[in-house]
Amino acid sequence: MNTTQPTGCAKQQGIVLFVVLMMMLVIALFSIAASQSYHTEQRISANDADHRYALSLAEAALNAGEQYASTLAGKAQHFSADCQNGLCSAVNTVSPHDYPDITVSGTPTQPAWLRQCDSKKTCLEKNGRIFNHKNSKPKPRYIIEFIKINPENHTPVYRITAQAWGKNAYTSAMVQSYIGYK
């Protein structure tokens with residue numbers, strides 16, 4: 001009877017298959033993790049680009065609001081709590097006695113950009129002045145709030161608030177500035 005033991009190569013045939021399968025499993029897990037990381041980075045990048053787009057539109061609308069506010073001097077201006085024509089009364093603001101062109105109505109308790117004009121929209125969204133931009137839907141809007149008369153040079157001080165939306169309906173950007181003219 002011949003009882004020879006198999007050589008090293010013959011003994012290892014079953015374990016090699018197991019090791020190769022385990023290595024393939026580890027490689028597959030690394031591939032899945034890398035793929036998920038890549039897709040997450042893509043989503044972050046797309047959301048960031050959409051926010052930058054909305055911010056650039058809001059800044060353009062703010063600039064348009066500042067230009068429009070510069071044309072108000074010497075004209076009759078009516079600032080209301082519901083922001084008709086994009087002109088809003090600010091919290092704790094009254095009509096100035098020494099500036100008859102400006103009238104203020106209403107006693108709002110919230111800043112104009114937060115104020116609700118109906119059950120679904122803020123006054124900015126409903127009554128804000130539209131900044132026309134050909135590729136944006138909904139259109140960017142801005143409002144102008146009368147804040148006070150500057151006691152140093154007796155000119156009005158306004159707060160302009162602009163809001164714009166990105167290509168994704170849930171992306172928006174809002175910017176503000178205070179201006180006063182001499």
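Even glycines carry a Cβ here, placed using N, Cα and C.
The feature domain 'Type 4 fimbrial biogenesis protein PilX N-terminal' is assigned by TrEMBL to 13-63.
The domain 'PilX/PilW C-terminal' feature in TrEMBL is assigned to 134-179. Per DSSP, the domain 'PilX/PilW C-terminal' (134-179) is made up of 0 helix, 27 strand, 19 coil.
Residues of the same chain that sit 6 or more residues outside the transmembrane segment (15-34) yet have a Cβ under 8 Å from a Cβ within it are not found. TrEMBL lists 15-34 with the feature transmembrane segment.
Residue counts for the domain 'Type 4 fimbrial biogenesis protein PilX N-terminal' (13-63) under DSSP, split into helix (H, G, I), strand (E, B) and coil, are 51 helix, 0 strand, 0 coil.
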